[in-house]
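Asker: There's a structure below that I have some questions on.
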């Protein structure tokens, strides 16, 4: 599956409302949601800014079991080039859907955040943090439209979302909002004027309006929907639909990914192409909400560091001469570092079980276990370092993306003008 990480999020639907919340203050002005990049690192940062713990969002390049099942996703986010779709009203009349937390999308450019929240609020075994937990509980009994309005009104959610946008896009969103308000006021004024001065009666003429042709420069609109298992079923959560759409039942003998795969294939066939290249112009991407890879790798490394200490306490004097020399040399560095932090709640119980087993090992088994421990620790440390490198890269991208370059360019052009160089440069072009 091709990545669409450079696709700009420009989502269908709109509504402007009063905004409230965060830090105990009321935000009566509010503001729009700005465009953000469709990138897994951006969405992971968004969840962390909202207080979600122990999760990250990754891109998935295939939906087959070998590509997805080992990730054990909590939910999927499907991004596609939006086209108007229709469903029968009966498609949404499912008694089980009443228990699903679902919000309609009422703000432009908030569809990715909306899809992620729709998924997270239906995952019972994830830590969404205090603020989102309170928000979920506060909106539990609301209708989908009111839940969507609550998201649009939440300063906490909007500020977290907009903190990941480019400054130019934030200004663009503010400008679009101002333009929409002025246009609405202008139309209302014209409507009032026509009502007070009705035109004279004229014989109506029937005239066929020409079909509206799409403009060549129309910007592509991308939309995000979520898939999540909840209450014994798999649900499609599309903020532009009236409610959750049931995908299928999850039984004791089926995995939820096996249920959602046919629905995803159908979506990919429907929205995947459409270009002049015979349908090979891929217009979608798939993201998965999964356990934090750094935390898993760090726990693995800490597990083997603890294993080494337990084994070396039991090994007899001179054991170093009986193990692999290359592993003995590697052990001098592979266990260095680490903060000792454990993330998994069952880390201690696993270590206790293993430590009891070590007490019953003979010396040969202890030496073999030590070699295996060093080998596994080397792999775990590499995984930790890779995740740290990825985090640094994502942070660098975030700084570049959110830095406001406009003041520099303005000042640079002023300096060129003051030095008499700007006119010459413009003349060359």
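The backbone N, Cα and C atoms fix where each Cβ goes, glycine too.
As annotated by TrEMBL, active site, nucleophile applies to 111. Sequence annotations record features per position, and here TrEMBL assigns active site, proton donor to 223. Residues or ranges marked as compositional bias 'Basic residues' in TrEMBL: 202-211. For 32-291, the entry in TrEMBL reads domain 'UCH catalytic'. The region 'Disordered' feature in TrEMBL is assigned to 185-217. Summarising the annotation, TrEMBL assigns site 'Transition state stabilizer' to 105. Residues or ranges marked as site 'Important for enzyme activity' in TrEMBL: 238.
Please go over these features one by one and say how buried each is and what sits next to it.
Answerer: For the recorded site, residue 111 (active site, nucleophile), the DSSP three-state label reads helix.
A strand conformation is recorded for residue 223 (active site, proton donor) in the three-state DSSP classification.
Annotation note: residue 105 (site 'Transition state stabilizer') sits in a coil segment as assigned by DSSP.
For residue 238 (site 'Important for enzyme activity'), the same-chain residues that are 6 or more apart in sequence and have a Cβ closer than 8 Å to its Cβ are 223, 225, 226, 245.
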Asker: 10 Å Cβ neighbour count around residue 223 (active site, proton donor)?
Answerer: 25
Asker: For the domain 'UCH catalytic' (32-291), report the average pLDDT of the model, please.
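Answerer: Averaged over the domain 'UCH catalytic' (32-291), per-residue pLDDT gives 84.
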Asker: Taking just the CA atoms, what is the gap between residue 105 (site 'Transition state stabilizer') and residue 111 (active site, nucleophile) in Å?
Answerer: 7
